[in-house]
């Protein structure tokens, strides 16, 4: 009996050891599979062959095996934008990659941490240039020149912060003839504070990666373009945002409730789109909101009273005009109605003023009641 118990114990011990070994082997396999894939850039040495340089119009040559900077640059670009986009001859990523590798006289080496950051910042802007037909811009002074990108027209960098020296802070290219799609590579500009591209002909959707990547953004102005699709829920990731101005586009669908996560938002303007559904109650969480423009959409229902109670809200514009309005609102400052008889009517009181007066009236009533009781 004792021998059989000893045998059983030994078998269990052996089984446990084998199980641990198997688990260890699986973990090693997993680590190997999750390790960063090394790109063999020698396979793609001819990636730019067949297209011409932007300077001399001569065809690009294949990457040389000795030029380690070129291979490091290509590897980083493939990892950043995808192999398919870099290989596609007409893509803005391909054009930007070839310019960065061959034409850029600054020859930034991405093999160091600082060099990588500088390389990707410059690359992101070059992609924007090609994605929006930069050659036809009204103003493109110094773009794609040997000058630092901080000197390019419409670009400004941090000036009074040594740690952020040479890092792009603002992009202001409004009414500049940009025509094309918003590239996801803009997400590489992680310290960007302002992106103002209004008054152009930018089409397509807002790339999710841009909203996730631009974590420091304070101002996003994409109004008066030709953008469409829904407002992505990832907008809620931009927690530093103070101004979100999207009016005059073709955005459809509902206002995402994730907007309520933008605790610093002061201006929300989605006027003149094709938005539907009701105004999300989560907007009432925006304690810093001052302006809310909702008119000329297909929004319906009642604007929640909790939004009217926002302490700083001074301007609320909605389609609340007429005997049968699309939206009902007790605190609008401007009520509008659409076609065929489009018009807007300005009201006198702001939401915060109205709310404040009601609060004061309640306090006066409570005070007088309390005085009467004492008497």
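Just so you know, glycine gets a Cβ as well, placed from its N, Cα and C.
Any TrEMBL annotation is an automated prediction that lacks curation.
Which of 320-347, 348-375 counts as region 'Disordered' depends on TrEMBL, and there it is 348-375. Secondary structure of the domain 'Disease resistance R13L4/SHOC-2-like LRR' (233-320) per DSSP (helix as H, G, I; strand as E, B; remaining residues coil): 19 helix, 26 strand, 43 coil. Per-residue confidence over the domain 'Disease resistance R13L4/SHOC-2-like LRR' (233-320) averages out at a pLDDT of 98.
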